[in-house]
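Here the structure comes first, spelled out in structure tokens, and everything after it is commentary.
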């Protein structure tokens, strides 16, 4: 439809507009209280067109089909869905903290909880034994919100300008970690700590800095040149974390 052109219709003293549709149909309408037939005809057409162009076939949800592959947008939608797809009980149990970092993260991401597939959310449980730590890491695909349920946790992140933001959090405290920034959590108390963390993605991703440097086959001399650590320290860390090279 062309842009309406204002004109003087048939010499009338009232302004009017001409509407041309594909050069075949024109509709003249005077802005006069007694001449409303054109308006009455145009309004229903307008609402019908608005409905057609604004309608979508978006589904309410897309429970992930874990039998299929996961792509960048998540899993394909499961055909048969039940209420159990929207309920997950995997965060009820305490995580096993008998490990090097004395901590456990129990995820409820789309791979464990297919009901969050495509919804832009997920959650995880964080258990920290005394002295436990979640080392410096990033979530490339999501921002994170942490809420402390039990104990005291020192948590913080480093901005892209290398400014550090950290604080000791107690029961009920909440902290946010922006997407893609290095952050950490440490049990700063003398008892077991518990927190839940939510994410702005059903699959936030994870990269732990220490593992990225020392738990693979990146040559020691390259790490030495890029981190300013000496070879003995690097080889020790590689030995602890299972790296080679």
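Even glycines carry a Cβ here, placed using N, Cα and C.
In TrEMBL, annotation is done automatically, which means it is predicted and not curated.
Features reported for this protein in TrEMBL:
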type     : residues           : note
BINDING  : 137, 139, 144, 183 : Mn(2+) binding site
BINDING  : 139, 144           : oxalate binding site
DISULFID : 62-77              : disulfide bond
DOMAIN   : 89-235             : domain 'Cupin type-1'
Query raised in the report: Setting 137, 139, 144, 183 aside, what same-chain residues sit with their Cβ within 8 Å of the center of the Cβ atoms that define the Mn(2+) site, listed in sequence order?
Result: 138, 157, 177, 181, 182, 204, 206
Report task. Please give the average pLDDT for the domain 'Cupin type-1' (89-235) in this predicted model. Result -> 97
**Report entry** Tally of DSSP helical, extended and coil residues in the domain 'Cupin type-1' (89-235)
**Finding:** 22 helix, 56 strand, 69 coil
Report summary line: Within the same chain, the residues at least 6 apart in sequence whose Cβ is under 8 angstroms from that of residue 144 (Mn(2+) binding site) are 176, 177, 183, 197, 198, 199, 200, 204
Query - Pairwise CA distance, residue 139 (Mn(2+) binding site) versus residue 62 (disulfide bond), rounded so that it is a whole Å - result: 23
